[in-house]
Amino acid sequence: HALTTCVALLLGMTQEVFNFRGFRWARAMIHAIQEVNNRLDILPNITLGYHIYDTCFTTSKTVEGTLAYLTGQNETMPNFRCSAGAPLVAVIGAGGSTLTIASSRIVGLYYFPEVGYASSCSVLSDKYQFPSFLRTIPNDNHQSLAMAELVRHFGWVWIGTIAADDDYGKYGIKYFKQNVEKSGICIAFSETIPKIFSREKILAVVEAIKESTANIIVVYSSDIDLSPLMEEIANSNITGKTWIASEAWVTSALIAKPEYFSFLGGTIGFGVRRGDIPGLKDFLLDVHPDNAASDDLTIEFWQTAFNCTWPNSTVPYNTDFRINVTGRESGVHPVSDQLCTGKEKLEDIKNTYLDVSELRITYNVYKAVFTVAHALNNLDTCVEGNGPFPKNSCAIIYDFEPWQLMYYLKNVKFTTFDNELVKIDDNGDVYASYDIINWQLNETGEISFVKIGIYNDTKDGHEMKIYNNDSIFWNTPTLKPPRSVCTENCQPGARKGIRHGVPACCFVCIPCADGEISNKTDARECFPCPDDYCSNTLKNECVLKEVEFLAYDEALGTTLVAVSLFGACIVLSVTIVYRIHRDTAVVKANDRGLSFLIQLSLVITLLTSFLFVGKPKEWSCQIRQVTLALGFSLCLSCILGKTIALLLTYRGSKLNAAEKHDHISMQSFHQKLLVLISMIIEVCICTAYLTCIPPYVYKNMEFQNVKIILECNEGSIEFLCTMFGFDVFLAVLCFITAFIARKLPDNFNEAKFITFGMLVFFIVWISFVPAYLSTRGKFKVVVEIFAILASSFGLLGCIFLPKRYIILLKPERNTEEIISGKATTNDNSAPSTSASCTSELPLATVPGQWELRSQHSGWGRCAEPPGPPLCLGAGGTCELLPGSHAELGREPASPAPTGLLKAQSPEPPASLFDQVFQLHRFGLHRFGTIKIDIKFWLHFKNIPKGQINLCKHSELYQFNLETNKTHLDSPTKVPSLPLAGCGLLPFL
């Protein structure tokens, strides 16, 4: 037998003008129902019927239509069904998410099935609130995710959002925001389109768009709600924006008008899967008021499409001229002056109704009808005993409960005519698949919807493909993808800084500090370069730091090395001169051995500069300061030996004859012993320094980020100060002793020049300390080398140049008599240098008669020989020879004004067993107008071959001169008087 069932379609038809798109949906449902009824494989004995309810896009009309369908009459009494017609099957609709939420809450109370075709709001997936709702359009969560993926794909980070003031807009834009904000994308503004028309609110949205720098605007709204906003944007001439459209308006002819292309061109949106329904175009053309005289929708469609009035029609929607649901007065005249003839041809008009090129929502309507049909077919074909209900029972097609049909709807699975699999999941949702659409202008001046990519939901997540970026039309002056940023990207070399009170996408670009880089765009932070690297000028790459040290090949290093070599050559030249003239009085004065050691130490200190120049190595760092300290220790200890001897000589010159007995003298042995002890102390300090905390190579990066100052870290400052502190101690002793002995009354006073040399030494090194501490890098080394060279040249010049001057330029002054003050000189140009307290005198080697002239400042006359022999030679006698004059080793050259002491030997001495040496001058007296120097004389006897010991092989005698006497008293032996210089002298 045949059974008729009824399906209700809820859709919005009436708005400001007739909704051709909604009417096409209704016709598509009728076409799908007819196709089901004509097929033998689906419900062969069942005929589907339908009721169509116009919701007018209002919640109230939606509720009214739902209750009317459930109760079977216009009175809305939901607890009773007052109609005995065909059994009710399901509700298809409604035409929007907000409307569907209203109707689904009602039918859900009865677990009555409702299948949505355009209601994509994510909240409808909540089975607690909407247990009986299913849909053939994807959940908006997928669309929001696809929009976020699109925004990320093109690198847009500054987005404006606009949503309709309903569940569809609010939930869709909310989920979109949640997704993009996870990726660091910021929302520039978020506006709402009012459901009830308010021009003030619309203008507020337009103003927000104008003021914002965001060039990308995402719109979640239906075409009906969006239309008033687009009219105002067109009036405001807002261009340069790229719009991201939701599926509800991306292919809507109400919005995709050619006159809007100037600001909407290049719009990118997501459209649900498109389908070409067979036979639909012919079915749409097969509509005429004569065929459905009682069908008010068909009459209103005809009147609106041809702008005429159907004769004898009483269509209520077009005659009351009421204020419609959008809040605006209807723009359609209530009655047209022209009557419809019925001969009008639909083929001659162009409107949304006949446009079957973009059947997307229409295709969902088609699938919704077949979803219900397949569920009914499964219910009808159930075999008793294998059913899903208690006791394996089946539902009866002509008497089933809504919940029984819901079971089959949840488990429905079928393939459409184009092989699309339709399957409902547990949430009542279907597989998500979107076409990515770009608005472009075709050859006819119409807006075409060009497919540029797809977005599919997969088991592993989702997949988006853009076919070809070059195929996308961008409504920008350059026709290239727009940029939408609050702040331009921070290029490599800078980092993003926070601006308080604004979104995170609005930031400041802060250049990386020296030594830090960022090598990617919009870096959150700069990261430091490794220790041996520094940032380049752009701060986007780490480059090897320039290593700075005082190199040999740079001008400063070459100059210092050259000066150091020059100084060493000068010292060597002095050494050569000393070696050649080693037997002269100046060289022998005050221990020539110490002089050679001083010259050696100066060469060491000067050449130490080589250790400071060049790339520091471990070995050079460890030996350079030590070598310098040892060099100065050797130099200063030798000078100290000299100055102490001079000091003792000076003190002895101040003593009378009685005090000289206790006077301490210093021999050459003692001087060298002092040098040895000083060097041992310094070597011990240096050894402890190198053993405990040795210096090492240090890469100093504290003062310059772009350079590595390669220098020597001195290890222990305490050891370093101790090492050089000992040198300072020696220098202070040298200065004090030399300063005290500077007035020693000799023609060559070495103490004066040592004093000047030590003053130069102190001035240089005192100036060195602040200069060294205030410099950085290689210039610290330069300062130290300069101090080394200056102090070394100062000592060299003050100690050796005066002697070299006498040796080379004034050789006539290089005699013992002049050096020691025994003879006067009229040469005022000669510098007064030094005299020795233990000078070695030339020995008489001429056979026969030989004489020794005393040191004097005048000549004295003696009336008679001095009695007992003054000089006890080998049987010889001493006598006064009036009028004679002779010097050592030479015959008398000219008569002298006074007498001369003459030592005569009866025969030439065969060997030098007995010699006479001057030891010390102890005073100066006057006799009348004649001044005579009184001397000590030593008589050496029984001299062992090889050396002379002044303490063991000598007898000391003293002359006494009495006032107004014309002769010298006999010498008195003074064995207890201390000698001015005990020690070993070479025996020639």
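Glycine is treated like the rest: Cβ placed from N, Cα and C.
The domain 'G-protein coupled receptors family 3 profile' annotation in TrEMBL covers 556-823.
According to TrEMBL, the transmembrane segment annotation covers 560-581 (among others). Residues 550, 552, 587, 592, 595-596, 599, 602-603, 606-607, 609-610, 613, 782, 785-786, 789, 792-793, 796, 800, 804, 807-808, 814 of the same chain lie 6 or more positions beyond the ends of the transmembrane segment (560-581) yet place their CB under 8 Å from a CB of it.
Note on the transmembrane segment (593-614): residues 549-552, 557, 560-561, 563-564, 567-568, 571-572, 574-575, 578, 587, 620, 623-624, 627-628, 630-632, 634-635, 638-639, 641-642, 668, 671-672, 675, 781, 784-785, 788-789, 791-792, 795-796, 799-800 of its chain, located 6 or more positions outside it, place their CB under 8 angstroms from a CB of the stretch. Here TrEMBL flags 593-614 (among others) as transmembrane segment.
Under the heading transmembrane segment, TrEMBL lists 626-652 (among others).
Within its own chain, the transmembrane segment (673-697) is flanked in space by residues 594, 597, 616-618, 621-622, 625-626, 629-630, 633-634, 636-638, 640-641, 644, 710-716, 719-720, 722-723, 726-727, 730, which lie at least six positions past its ends and keep a Cβ under 8 Å from the stretch. If you look up TrEMBL, you'll see 673-697 (among others) marked as transmembrane segment.
Annotation comment: TrEMBL describes 717-741 (among others) as transmembrane segment. Long-range contacts of the transmembrane segment (717-741) within the same chain, counting only residues at least 6 positions beyond its ends with a Cβ under 8 Å from a Cβ of the stretch, are 625-626, 629, 632-633, 636-637, 639-640, 643-644, 646-647, 649-650, 678, 681-682, 685-686, 688-689, 692-693, 749, 751-752, 754-755, 758-759, 761-762, 765.
The transmembrane segment annotation in TrEMBL covers 753-773 (among others).
TrEMBL lists 779-801 (among others) with the feature transmembrane segment. Using a Cβ-Cβ cut-off under 8 Å and counting only residues 6 or more beyond its ends in the same chain, the transmembrane segment (779-801) has close neighbours at 549-550, 556, 560, 563-564, 567, 570-571, 574, 595, 598-599, 602, 605-606, 608-609, 612-613, 628, 635, 639, 711, 750, 753-754, 756-757, 760-761, 764-765, 767-768, 771-772.
Distant neighbours of the transmembrane segment (753-773): 639, 642-643, 646, 728, 731, 734-735, 738-739, 742, 780, 783-784, 786-787, 790-791, 794-795, 797-799, 802, 833-834; these residues of the same chain sit at least 6 beyond its ends, with a Cβ under 8 Å from one of its Cβ atoms. Residues belonging to the domain 'G-protein coupled receptors family 3 profile' (556-823) score a mean pLDDT of 83 in the model.
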